[in-house]
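Features reported for this protein in TrEMBL:
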| type | residues | note |
| --- | --- | --- |
| BINDING | Arg85, His86, Gly87, Gln88, Ser89, Thr90, Trp91, Asn92, Arg136, Lys171 | substrate binding site |
| ACT_SITE | His86 | active site, tele-phosphohistidine intermediate |
| ACT_SITE | Glu160 | active site, proton donor/acceptor |
Amino acid sequence: MLFAGFPLVGGDQLLLHCRSHRLLFHTFKPIVISPFIVRSSSSSIKELDTSSSSEAEDDRKLSSTLSGSVSFPPVKVAKRVVLVRHGQSTWNAEGRIQGSSDFSILTQKGEAQAETSRQMLIDDSFDICFSSPLRRSKRTAEVIWGSRQEEILTDSDLREIDLYSFQGLLKHEGISKYGEAFAQWQKDAPNFNIDGHYPVRELWDRASNCWNKILIHDSRSVLVVAHNAVNQALVATAMGLGTEYFRILLQSNCGVSVLDFVPHPEGGSPYICLNRLNQTPSSPIASGSSAGRKASNRIVLVCHGIPEGSDSESDNSDMPMDMLGTIQSQKTAELLLDLKVKSIVSSPRIAPTETANAIARVQEAADCLGADCVPRYVETKQMKELDIQDILNRSKKESIKASSLESGWVNEIEEGLLREIWEKSGIAWKSVLDELCKESEAENVVVAVGHPIFNIGLLGHCLNLTNEWMGSFHLDAGSISVIDFPDGTAGRGVARCINYTAHLGRWSIPITRPTQDDEEF
């Protein structure tokens, strides 16, 4: 759970480095960069003119997938982009399909969520804010932006997905009125066609266009406030993921996602890393749906607490946790109280085993706070497949410390060792899925505890990526990532959150960059 009183931002920690020129990122294909014009307005909000000729629009080709990432304009300095979805709206509360309509406004809960996000980001020195022009998003941006003097720029490309005739319908109305078309929207959105349009493909095209405008802006720290679907598309297109990832990268009301863009030493498209996904104002594991569907199966990836000696030249998970690591594991155990964990698997090393035991102790005590209660047993087991310390020990990198992992740190590991980690994590992912399938109850939760690099490998296999994408993710010590399976373990995993650290309170890694004018984040 996120508490606004905790200093989740600011600080003087170095969050972003790019020391190695041998970074493993996927190839890019070019896209035309569209200029934009800022129109003056009487308020503090300006609108970006993103209109283009109808001929250019007709010539624009839409694809259901993107192989690799689009080519983005180069950045001169490291740039951090913070994406926030608007707070709960009146139509969210009613269960109506909003699309790009502008009839709903923030509810009282939505206003409170926006205020929580403001507190999360209050110490950040954002250079600029881009917002959707729709009222629910614009109002959220105004709350978060607060008393900052810089103006908010609205961009129509940041509006929510265009759903044409579906907009305003309740679910049962969509089913009764559109039948087969509504079923396709729910089950095969990338190929869903309505009123002669492919909304998801159009959205991906729009998101790519947004990145061009955001990245050419002369700024280092950017706030973007928009909507569920468009924020999904922004994350996916930045990472080179196609429309098949729609509804896979969850965006909750006022959830915060962070992307880092690092200059390429030879110019051209920057290196891109997803620093975190969907850090929410409320608990990321509270009961609810994933992409509109009830999820009965869940895997929680926990990065073990910091081991002793992490301030030395190496980080050995076969050491007991230090005091900070112990605090991190306890905070994680408390967060997971919202779940009934069936089993916990961990690397056999000391630090992850201690983290797993801390979670198990709290879980077992949760149902036995009264005098006559019988403790619930949580199965804990060690999996040698989750151990990669021997591989890390062979790394030529001076240190891979859980206490000081920086965005893009995965790329400093030698390519051969990364391949080994990837192959081993693939075996482990199958083992973790098998563990989830063993449980026969309606709701099953398995927790896997390991080193951040290994959990990145598990995430990659879950999302059906290849090892070239490992450098596109970042995880911190003590963080959790949640994967839901709304269609069962045979279906696709939905990333509910990645690198969630708000539960660590004052010991968490800041969401955004420091306020100091440093050369690096």
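Placement of Cβ uses the backbone N, Cα and C atoms for every residue, glycine included.
Less than 8 angstroms from the CB of the residue listed as 'active site, proton donor/acceptor' sit Gln98, Gly99, Ser100, Ser132, Leu134, Ser137, Ala226, His227, Asn228, Ala229, Val230, each of them six or more residues away in the same chain. Each residue contributes its Cα atom, and for the residue listed as 'active site, tele-phosphohistidine intermediate' and Arg136 (substrate binding site) these two points are 6 Å apart. Across Arg85, His86, Gly87, Gln88, Ser89, Thr90, Trp91, Asn92, Arg136, Lys171, which the record gives as binding substrate, the greatest C-alpha separation is 22 Å. Counting every protein chain shown, the number of other Cβ atoms lying within 10 Å of the Cβ of Gly87 (substrate binding site) is 28.
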